[in-house]
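Visitor: From TrEMBL, here are the annotated features:
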DOMAIN    100-176  domain 'Arginyl tRNA synthetase N-terminal'
DOMAIN    632-748  domain 'DALR anticodon binding'
TRANSMEM  568-600  transmembrane segment
Amino acid sequence: MHQQLLRSSLTVYSSIFKPRIGISSFSSYCRVLPRNLGRSRTPPPYIDRRGTTLSLTTATRPVLTMASDAIPSIASLSIQSVSSEVSSYPNCYPAFNPVDKYRAHIAELVAEASGLEPAFVYTKILWTNMLDKGDLILPIKGKKPQEIAADIAAKFPKSDLIEPPVVVGAHLQFFYSHRPMTENVIRSILANKDAYGSNPNVGLRDQRDASKGKKKLVVEFSSPNIAKPFHAGHLRSTIIGGFIANLYTILGWEVLKINYLGDWGKQYGLLASGYEKYGSEEELLKDPINHLFEVYVKINQDVAAQEGPIKELKEQIKAKKEKNEDVTELEKQLEPLVDASYDEQARRYFKSMEDGDEKALELWRRFRDLSIDKYKQTYARLNIDFDVYSGESQVKDESIKKSYKAMENAGVSESSEGAVIIDFAKHGAKKLGKAIVIRKDGTPLYLTRDIAAIVERDDEYQFDKMIYVVAAQQELHLAQLFKTTELVGKKDLANRCEHISFGMVRGMSTRKGTVKFLNDILKDVGEKMHEVMQKNQAKYEQIEDPVATADVLGITSVMVQDMSGKRLFLFFSFLSFFLSFFLSFFLSFFFFFALFIAIWREFNPRNRRKINGYEFNLENMTSFEGDTGPYLQYAHARVCSVTRKAEINPEELGSADLSLLTESHAVDLVRLLAQWPDVVFNASKTLEPCTILTYLFRMTHMLSSGYDVLKVVGSEPEVKMARMALYESARQVLHNGMRLLGLNPVKR
């Protein structure tokens, strides 16, 4: 009876709360650890699926791509090989995640105590990020869950790897036996180095057959408009998109990074007119983006000055027409004004670009190429690169015509006042309103061009998933794009696309309150960081290149503040969840409905993730106090300092006697380090960089509190070696996390 209740209750619980579940591994040693191992200082053996005994610390490890002294690319932070055998458990990666050995072990012991299948139990085991709640936890719900939990705990076999389970309500909490876990985790980190936390199996198309290759992700991010400022919205897209690309890369996906530039449209006709009037060849070569923006601002001021008389005449004509009065004279006055206006010149110029006029296209290409070269310099400072610099201009005319024809054939588009539109209300999507796809003059609008682009990408790259990292202001446009793609018969393609939305940065300007160019912002923050560093003259004098270090710290401060915010929706979903849970007894129907909507929206794969906006605060972000970028860099530099002062060759750490790490600070730090692969995997589900940041700051606080207890200098040689192995492991994980976020860890 207990067995049946436990199976059904675990299934219900896991379907709602989604435990940490990986994807099938190729590890050859995913079999469970044997029970009742003899207690010794030798690491316990491990049994693979064929019954072969393997050591936890000496089992064959995958080939690694090691980083050099220089900052490695994110691709070098991942393990490049996969094992050739299929795991005995569906989601077990011991070669990449030491905790999976313990999941497998617990599953076997719980199975023995309950009569359930080990593979079933394995998928229900959760990890907890609160060390006082255990290292792993098995939730039990249903009829009499406390009795079931107590029964399993009473029958749980003795183990050298796991302490006896603790019954807490309807949960079983499991704590690692610290000696074997310390050995397991630290050896894994020291062996895998930059690759610890990565897992190439996750990105395989078929975990049972690596020869079928990797899944492919296309991620579009940054996407600035040529001749306009690289503003805060583009910065957020760049940082978040870079993180997502890095994350999928270390999880084994083939990632293609696209920068889809805003490089087409009537505004380029306007820019050409402005450059003819205000442009300077010298200024263009010196700083193309700033100069083109200055030109664009000036010509727009001219357009605004011309709009007054034109608008006044149009209003007079409208008023006379309403009275059925003759408007011939007014129209004669209006025509030359419109014809001579910069706005009309821009329309005609862009039409010539659309028609392939080589002279018009030559100037546009020059503006585009100079801008891209400048953008690349900015991206390099943020540790960002792109595989493809695309743009609206690169979408083929043939593809645009095919897209329009597909809309027409599917009965999606319709004529309206000389233009072609889509009325989404007629197609079951009333909230999406109406969208123009072809202007009155026959030129396609953004939606038509983007539909053509999405189909072109699918044909060229054959991706498994495509992510658009675009500000919340484009939410409607992206929703219209995905819906239109579905309506023209490409529902599968639409389902493979996702919009990662984010809020804007408030109050982001230079200290002089001028234009919000990213380079101006980074320069401003770097100067502020330099001022902060100079307040501690003793430490300042130890820095080899303080200006360069200040620049790195400034960039880190901006990026960390940007990534610290969590997406808004998750909070409100679970707020609704708990409100509905506690109040449903009194307002049953309404709140149960709220509960259903909250869960559906949170776990529906079509839900668009949102990331909060935030207030740009120069003083707070450049502080070394609190969870800031400078503090994160300081924490990394401090643990590097411990390594330098110890004067121990890192290659010697493999011989350290880790059984000497018995202090609670050391044990808890190892338990935290063990969580890193799970933290990475969990971040791949939320795509929230704050998941990584929160973990890293927890580690920095734990490190800081342990320095006085776990002293290196002055300790006995064997103790010194063991503690250095621990500190080097912590430094490695901190380094890996910072690199995943796109940061350059500093050593001093």
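Every residue, even glycine, has its Cβ placed from backbone N, Cα and C.
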Visitor: How does the domain 'DALR anticodon binding' (632-748) divide up by DSSP, counting helix, then strand, then coil residues?
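Guide: Result for the domain 'DALR anticodon binding' (632-748), in helix, strand, coil order: 88 helix, 0 strand, 29 coil.
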Visitor: Across the domain 'DALR anticodon binding' (632-748), what does the pLDDT come to on average, as a whole number?
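Guide: The answer is 94, the mean pLDDT of the model over that range.
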Visitor: What are the DSSP helix/strand/coil residue counts across the domain 'Arginyl tRNA synthetase N-terminal' (100-176)?
Guide: 34 helix, 15 strand, 28 coil
